[in-house]
Each structure stands twice: as structure tokens, then as C-alpha cells.
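Student: Here you go, one structure.
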Amino acid sequence: MQEINRDAQTIAAVATAVAPGQGGIAVIRLSGPQAQAAVQSVTRIPGQQSWESHRVLYGHVLAGESGERIDEVLVLLMLAPRSFTGEDVVEIHCHGGVIAVQRVLARVLDQPGVRRALPGEFSQRAVLNGRLDLTRAEAISDLVAARSQRAAELAMAGVDGGIQKRITALRDRLLDQLSELEARVDFEEDLPALDGAALLEELQRVRGALQQLVKDGQVGAALRQGLRVALVGRPNVGKSSLLNRLSRRERAIVTDLPGTTRDLLESEIVLEGVPITLLDTAGIRATSDAVERLGIARSHDALASADLVLLLFDLSVGWTPDDEALRQRIPAAVPHLLVGNKVDVAVSDARAGTSGSAADIRLSASTGAGEAELVQAVLERCGALADGSLLLSLNQRQGDLAQQAADALARSAQVAADGLPWDFWTIDLRQAIHSLGEITGEELTESVLDRIFSRFCIGK
């Protein structure tokens with residue numbers, strides 16, 4: 001990693017979620033040279049308790065000169081280098097909620113040399129001090145943000161160093177090939193001939209491994225970030241019934257009256273480990289009702305923001321010109337499925353579109369028939385169908401860099417096909433090695449690190 005200026009200040013932040021009436025315990029974390037002194041200044045530790053590293057102390061946080069007890073706390077001291085950041089770290093475990101936590105944090109921030117931590121700054125210091133590699137730090141952030149068990153499992157694989165080990169192994173293979181090439185450039189007459197075909201084959205194998213990691217990362221992105229699926233259709237085709245069926249609760253009001261849903265309803269569910277936000281839109285039709293028109297406008301917005309659109313139509317009526325008009329309004333860039341609802345009362349000639357082809361999915365939102373097929377189709381269409389063999393998942397930054405490395409190796413292959421000298425091979429090979437080094441943090445600058453860690457939560 002390139003040399004980066006280190007901030008000598010001590011930082012402090014709440015490391016746990018803070019919400020009114022939620023959480024019995026909160027943790028305030030400090031890291032830096034003044035961490036121990038700052039906490040000693042604001043606490044009273046009774047008896048003969050010793051401020052030794054990796055010991056838990058009991059006491060109280062006091063309010064300034066008055067000596068008023070703000071809270072009863074436990075203090076955990078972790079001296080450098082045996083801490084998360086590699087610096088002196090002190091954690092104050094106080095009662096949760098909002099007021100007590102704010103008062104304790106304010107007392108800490110009043111101490112000389114202590115400032116409020118920036119988002120992700122604790123993790124950034126851990127990386128700078130060699131306590132974490134960058135991929136593990138990013139995986140910790142993903143673990144905190146995980147919205148499903150499968151996403152948490154993938155994040156934990158990164159925390160355990162899986163991504164770092166895989167990328168480092170691929171990078172080492174490229175470094176081996178680069179050393180062979182450079183040796184031939186400098187000392188070709190003194191060395192045996194290089195097997196260019198074997199070298200090219202090795203580069204292709206590494207490129208294939210990188211492309212697989214990129215593909216797996218796309219599936220992992222759906223597991224981490226979730227998908228937005230919009231339910232769209234004419235009034236009274238069963239959108240709200242399907243929302244309630246998939247949500248396993250009465251999220252939307254269901255009646256036989258068209259136009260019942262007048263606003264955009266959202267419901268969070270998990271399908272096969274993938275977090276899904278279902279968007280139940282207002283039925284799109286011509287109407288003079290001002291409130292309903294607002295809901296219809298939001299339905300159009302939902303079409304553009306969705307990862308997938310489920311266009312519902314009524315199998316008991318068949319495909320209508322209004323259904324076709326709705327299909328034409330779906331943006332070309334947004335995938336969609338035609339879902340025929342009310343299969344239990346379908347007319348014999350119901351069809352999915354003007355072409356006469358069958359609906360992608362036929363189901364009954366009231367009985368649940370066809371639900372499993374719908375779930376499978378949703379995940380397949382969004383590229384989010386993952387089997388148990390998915391062990392590692394690159395995030396967006398890592399995936400982009402892996403793709404850059406794969407593209408550089410493809411250019412190297414073209415150089416070889418053009419019959420250019422060895423030194424031309426090394427240009428793109430060096431770029432691939434550099435891109436992989438950026439994934440693990442070996443090739444990074446301060447500005448890039450700042451951008452990465454600014455996306456982390458405060459206190460992490």
C-alpha cells in the first residue's frame with residue numbers, strides 16, 4: 001500500500017445503533033493516543049481496579065465539575081497493537097437509548113485531542129495499521145448491513161479472508177508470469193526459450209477465474225442489496241392480493257372495487273435468501289379522481305426504478321388492449337414477466353399478449369397456485385438465483401476491478417495473437433496485477449481509501 005498520512009488525533013463514536021427506547025446497552029468506542037487518558041478523565045473507577053489491557057473495569061461516567069453521575073458503565077481497555085485498529089482502543093459500555101448515550105459521548109468529545117470519528121474511520125485505521133486487509137474491512141461492513149441469512153454467510157466468508165486469499169492467489173500467478181516475461185526481456189540470450197503458448201494458457205485460466213468471480217458478484221449483489229419488484233396492472237387484477245400472499249400478511253386492502261390501492265405500498269420479504277422490496281402500485285387507468293391520479297403517477301415512477309416488473313392481468317377476462325398499453329409503458333431496460341392471475345377461474349382462450357403466446361406465469365393469488373413457479377421466475381429473471389456452491393461474492397468496487405483485470409488479460413492475449421515481442425505482453429499484464437492489488441488494498445491512495453470508507457457506518 002502506498003504511504004498515507006496518519007491522523008494522530010483520537011477519534012470517538014457510538015459503535016452501536018441508537019434509537020429511542022431500543023437497545024439495553026450501547027458502546028462508545030475511542031481509538032488513538034489519548035483514548036485511555038480521555039476515558040480516565042471522565043470516569044470514576046472505584047476500588048483497586050487496574051487499568052490493564054484487555055481487562056473490564058466497572059465505574060461511572062461523571063458530568064464535569066459537578067461530579068454528577070451520568071451513567072453506570074463498564075470500560076474495556078485494549079492497548080496497541082492488540083486492538084481492532086492497532087491503536088489504543090477504549091470502549092465504554094453504557095445504557096442504551098438516546099439521552100444517556102449522547103451525554104456520555106459529549107463528555108468524551110470534550111476531552112483534549114478527541115474528535116468525532118468519520119464514517120468508517122475505525123476500519124480505515126485498522127487497514128492502515130495492518131490489522132485488516134481491505135477486503136475483510138469491506139466484508140465487515142457487508143455483514144453489518146446484511147438483510148438475509150445468505151447475505152450474512154457470504155459476508156462472513158469475506159471476513160474470514162476468503163476474498164483476500166482468492167485474489168492474492170490469482171495475483172501471485174500473474175506475478176510469476178510477469179517475472180518470466182521480464183527475465184526474457186532483460187536476459188533472453190542467457191535463458192531457455194519461453195513457452196509462449198503455456199504462458200498464454202495460464203493467463204487465460206486466470207482470466208476465466210476472474211470472470212467467474214465477477215459473475216458470482218452479480219448474484220451476491222442481489223443478496224446484499226436486494227431487488228425492487230413492481231406489481232403493475234389494471235385495477236382489480238389482483239396486485240394487492242399477490243402482495244399479501246407473498247408477504248404472508250394483510251399489507252394491502254383487498255376489495256372487488258377497482259382503484260382500491262391509491263398509493264404506492266412497499267413490503268419487505270425474503271425469497272430464497274434474496275431480500276425483495278415488493279411495490280404494489282395503483283391500478284393504471286384513466287380517472288378523474290385527483291388522489292388516484294397521484295397514485296397512478298407514482299406507479300409510473302415505480303416502473304422506472306424497479307429491477308423487475310410483474311405485469312398482472314386477469315385470466316378470467318383475458319388479455320385486453322389496456323394490458324397491452326401497460327406493457328408498452330414498461331421501460332425497455334427493465335425486465336418484466338407477464339403474470340396471469342385468477343387461474344382458478346380462467347377463460348379458456350386467455351392469452352398473454354397480442355402475439356398469442358402464453359403468460360410467463362399462471363397463478364392464483366387467492367389460493368397460492370403457481371406461487372413457487374413465480375418465485376423461481378423472479379429470481380432467474382433478475383440473475384439472483386444462487387445455489388449453495390456460491391462461496392464468495394465480490395462487491396461492486398471489487399467486481400469492477402476484477403473485470404478491469406480480466407479485460408487487461410484479454411488485451412494481452414490479443415498482443416500475443418499479433419505476434420508482438422515479450423515486452424508488449426507486460427504492459428497489460430502489469431495493469432491486471434495493479435487492478436487486483438487495488439482489490440486487496442496493496443495498490444491504493446489516500447483519496448481512494450477515503451471514498452471507500454466514507455460509505456461505512458459511523459463507529460465502524
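Note: Cβ is positioned from N, Cα and C throughout, glycine not excepted.
Not my notes, these are from Swiss-Prot:
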BINDING   ARG29, GLU91, ARG131, LYS460  (6S)-5-formyl-5,6,7,8-tetrahydrofolate binding site
DOMAIN    226-383  domain 'TrmE-type G'
BINDING   ASN236, THR255, LEU257, THR260  K(+) binding site
BINDING   236-241, 255-261, 280-283  GTP binding site
BINDING   SER240, THR261  Mg(2+) binding site
Student: Given the binding-site residues ASN236, SER240, which one is most crowded in terms of C-beta atoms within 10 angstroms?
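Tutor: Result of the Cβ crowding comparison: SER240.
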Student: Rounded to the nearest angstrom, how far is the Cα of LYS239 (GTP binding site) from the Cα of ARG131 ((6S)-5-formyl-5,6,7,8-tetrahydrofolate binding site)?
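Tutor: About 51 Å separates the two Cα atoms.
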Student: So what sits near GLU91 ((6S)-5-formyl-5,6,7,8-tetrahydrofolate binding site) in its own chain, CB-to-CB under 8 Å and at least six residues off in sequence?
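Tutor: Those within reach of GLU91 ((6S)-5-formyl-5,6,7,8-tetrahydrofolate binding site), by Cβ under 8 Å and sequence separation of 6 or more, are ALA15, VAL27, ILE28, ARG29, LEU30, VAL75, LEU76, MET78.
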Student: In DSSP terms, helix, strand or coil for ASN236 (K(+) binding site)?
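Tutor: DSSP assigns ASN236 (K(+) binding site) to coil.
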Student: In this structure, which of the binding-site residues ARG29, LYS239 has the fewest other Cβ atoms within 10 Å of its Cβ?
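Tutor: Taking ARG29, LYS239 as the binding-site residues, the minimal 10 Å Cβ count falls on ARG29.
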Student: Counting every protein chain present, what is the number of Cβ atoms, excluding its own, within 10 Å of the Cβ of ARG131 ((6S)-5-formyl-5,6,7,8-tetrahydrofolate binding site)?
Tutor: 19
Student: Restricting to the domain 'TrmE-type G' (226-383), what is the model's mean pLDDT?
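Tutor: That stretch averages a pLDDT of 75.
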